[in-house]
Amino acid sequence: MMNEKQVIALSGQHSQLLIKVGEAPEICYWGKPVSGDVSQFINALSRPVPYGRLDKDVPMTLSPELARGLFSSPGLEGHRDGKDWAPAFAVIDIDQCADNGLALTAEDTVAGLRLVTELNLDQHDVVKVRHTLINTKAGVYQVNRFANTLPLPERANELMTYYGRWVHEFQTVRQALPQGGYQQENRRGRTSHEHYPALVAGTTHFGEQQGEVWGFHFAWSGNHRLRVDVKADGRRFMQAEAIYLPGEIALAEGESLSTPWLYASYSADGLNGMSHHFHQHVRHSILTNEMKAKTRPIHLNTWEGIYFDHDPAYIEQMASQAAEMGVERFIIDDGWFKGRNGDKAALGDWFLDESKYPNGLAPIIEHVNKLGMEFGLWFEPEMINKDSDLYRSHPEWLLAVEGYEQPTGRNQYALDLSNHDAFEFVLARLDHFLSHYNIAYIKWDMNREIVQPGHQGKASGHQQVELYYQLVDKLRAKHPLVEIESCAAGGGRIDFEVLKRTHRFWASDNNDALERQQIQRGMSYFFPPEVMGSHIGASHCHSTRRRHSINFRGLTALFGHMGIELDPVRECDEEKQGFEKYIQLHKSLRELLHTGKTLRLPADDPAHLIHAVVADDQSQAVVMVAQLAMPTNSLSGTLRLVGLNPDANYQISLVDQPNNFFEGIVSCQPAWCYEGIHLSGEWCDSVGLAMPIMDAESAILIKLEQI
Ligand code: GLA
């Protein structure tokens, strides 16, 4: 047992953790880096003990324990046949790892449990933490809850949290952190549209550029609970956990259970600073090696173009037109497999529909490849329709609890991945297609929520998620160069654990540029633009019935992993020229967009949303100003461009604007819009440029190049 208290410092570039390890580990400080003799300085934080409560100070440890008198949501709840329910762990070993991390082993010899805590701060200031519990005694240990806990300082008193639904993902809401705290629960069986598993706590009025913030992302693709507790003594902490269904986690002697990873980052520079940390972490530590160096090809996805109406000759025509516009990857979405003529049947029957494709898939793929494009195909591997050959021959493969009815979701059910044969069947079907055809990419969808995750009568919600990870891992091991997009009715399964094994997310089924501006903004807090699938849809948006100009659609899609989602054959020449123009523009900016620093810029007009990407070396930048609604006033103030090199001079030019920008409802726009301007980085940041006048639902693009 560690009797002597030891202070361990984990230091990043812009943040530091000071961890006091005695019997139990306590993070005493998490903020800006401090130097000097911190092991002495830490005594400054020794707390007083108020009257009327326990007679000694009880630290808020990395896994709070009821047995020690911490009246908080405990880090672990479980029992062994009703006993061993109040564990208290004592640290027996500290392993300081080379990667600026710690592995702490703690034991409770009475309860027969060992707890290993891994905590790491990476060079991009992202903390990751998880616990592993090992049952070291005879008898099954039933785990009810097992959480990750990180402290917050008392000055963290505001929150940014997420809510959403299908076609309305990543909506953020600001709220004061109330006494008592905040809690969200996702019980939809996947990461969910409803509660993207992340939140940000910060100091009063924290914003994009200012305030201290502590951001959290819980990397788990199933049910979760996030909470920020404020205790009666003012102390506060963030806790994240996978929700286990009754009885589903039972550890026999020697067995172990790990929590998902909780990722977190502190920034003294507001949300932009925090996002930069997470983006860098994703780029360097989450994305797989093969993907890092590869340029993200422009997509054409057939879904909103033809839906279930597949005719190979017509699809080839679509591909030819796509290639002419500069598309680099052509993806056949839902509708290609046996009996799939609508969304009511055939999921599970992963065999080509030969009535639609009498000559097979190979000629289309060859056609696509000859045009210089990669080919991609849609799957929804974990799903089954009752109207399918698969269900007719294996009704027992359905994920369900026997004896109960369950509602369908999009007319479908989920497959029981815990059933070995079902798992192997899907893996074999995917493997078949990837082995027999030149498929560079699959869109991996998951269109329903999980209602009754049951296997042989027992709850298997946790296992279903773990087996989904295994299914992807096994497929990737066989086909490491095939890229995967994660989609779940749009953005229902977007998290870091998915991203470790995939390459891109379909952010939303909503291609309406106005809606996308907000969805993409919400997503941008944690994800860099290159993993965010962002497509130009038809001018008449399918999910909202709004109409938008090609300018607004093009610039909105520009800042992600860009594609188009429509039938190019049926589009008029003017639209086609527009697609081509924005595809070329994206290609010319792609490297900057996909490697630079994302910044959400301040706007004088609340109807503006301003988004920028600045090159790492600050030599260039692109800025999009989107006018979401009518300008609030007749003039819209100044555009201040932050994040540039204050000592450098930049050539600033307007690169794209709506058709009627110079004549419509203005007599004239600011002079720089006509002829460009040279300005210093310092001027751009402190003073800015006069903002032009724009129509609602339009956007402009500005380019800055260091002179
Ligand atoms: C989901 C996806 C769409 C499309 C359809 C196909 O809704 O989000 O992009 O692939 O399924 O059925």
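Here the Cβ of each residue, glycine as well, is placed from N, Cα and C on the backbone.
Record features, source TrEMBL:
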{"type": "DOMAIN", "residues": "24-247", "note": "domain 'Glycosyl hydrolase family 36 N-terminal'"}
{"type": "BINDING", "residues": "TRP166, ASP333, ASP334, ARG410, LYS443, TRP444, ASP445, MET446, ASN447, CYS487, ASP509", "note": "substrate binding site"}
{"type": "ACT_SITE", "residues": "ASP445", "note": "active site, nucleophile"}
{"type": "ACT_SITE", "residues": "ASP509", "note": "active site, proton donor"}
{"type": "DOMAIN", "residues": "612-696", "note": "domain 'Glycosyl hydrolase family 36 C-terminal'"}
If I restrict to non-local contacts, at least six residues apart, and a C-beta distance under 8 angstroms, what lies near ASP334 (substrate binding site) in its own chain?
TRP303, TYR307, PHE308, ARG340, ASP343, TRP378, GLU380, ASP445
Can you give me the average pLDDT across the domain 'Glycosyl hydrolase family 36 N-terminal' (24-247), rounded to a whole number?
96
Local Cβ density at ASN447 (substrate binding site) - other Cβ atoms counted within 10 Å:
23
The domain 'Glycosyl hydrolase family 36 C-terminal' (612-696) - residue tally per DSSP class, helix then strand then coil:
11 helix, 27 strand, 47 coil
CB neighbours of LYS443 (substrate binding site) within 10 A?
24
Consider each pair of residues in TRP166, ASP333, ASP334, ARG410, LYS443, TRP444, ASP445, MET446, ASN447, CYS487, ASP509, all listed by the record as binding substrate, and report the largest Cα separation in Å as a whole number.
19
If one looks at the chain holding TRP166 (substrate binding site), which residues at least 6 apart in sequence have a CB under 8 angstroms from its CB?
HIS193, ALA489, GLY490, GLY492, ASP509
Report, as a single number, how many Cβ atoms besides its own are within 10 Å of the Cβ of ASP445 (substrate binding site).
23
